[in-house]
């Protein structure tokens, strides 16, 4: 069976497993005015007439971004996002939570970062987390997507509670971090705001900086809509902490806070098919895995000691055979299937 056929089967299985178990059917969506504020590049931030969506532009002069009007002590942060098309090398679109403006040396952060690519190559993305300024202990995972994120809107979400963090793409949980005592202050614990930005990261974003942003294709436009923010809104510097127990109870009662058996199977398949780097398997960087790592033998066997995918063997031979037989470069492991039967 070809790599392309396998990917299409993966997508169909996702549809069948998750169609009736959506974690996002009853989200309370907000307008820009009632939940968000411009962060920078105001002229490159374009709000829709109904105030329910916003376009972030990057040109040769500046990028742009927005921030939530409030900070939250734990929360659920979600938006439908459509990424720029065509040549996007050097471009980064970020959807993340942070408190770096308040706690500069001890900040917490939860990241979803989309990394642009040259024309004909797919967007990649990565997730990461920091607690209490632990930026020297990066916890990156990097992935491909099973769809073209520049063709349609897809929902990207971050859940953060005192006990767990879940990153979602549409109805698929792609990463779960369970807090344990050994993580200590590395687990994010201080109030955070939501951020979304588009910016030029030509020095590292695409092939380690080999390919730069090309402003012949500007403006690069990222679109956001259907914002959802739930959590305990707090003042991060107040002397008496607020009681957020009711808010946490609400978060943990929602469907997006738990992963059912079908979703867990989808997460396992996603990670087996589309994750191409994990810090948990990077034994050169971390000879002993960090305490939250759950080592999955089926995953570990696919990675080198650098935490990157092994290339070679049967997969490499299959890719070469497919190229010879079908002469379709899009079936290489680095490409994304273009399938309209998505969730």
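The backbone N, Cα and C atoms fix where each Cβ goes, and this holds for glycine too.
The record from Swiss-Prot ties 126, 127, 128, 136, 137, 138, 139, 140, 203, 204, 208, 285 to xyloglucan, and of the options 113, 299 it ties 113 to that site too. Note: the CA-CA distance between residue 293 (disulfide bond) and residue 111 (site 'Important for catalytic activity') rounds to 17 Å. The average pLDDT for the domain 'GH16' (24-224) in the predicted structure is 97. Across the structure, residue 109 (active site, nucleophile) and residue 280 (disulfide bond) place their CA atoms 19 angstrom apart. Taking Cβ-Cβ distances under 8 Å and a sequence gap of 6 or more within the same chain, the neighbours of residue 113 (active site, proton donor) are 92, 93, 94, 95, 96, 125, 126, 127, 128. Of all the disulfide-bonded residues listed (280, 293), 293 has the fewest other CB atoms within 10 A of its CB.
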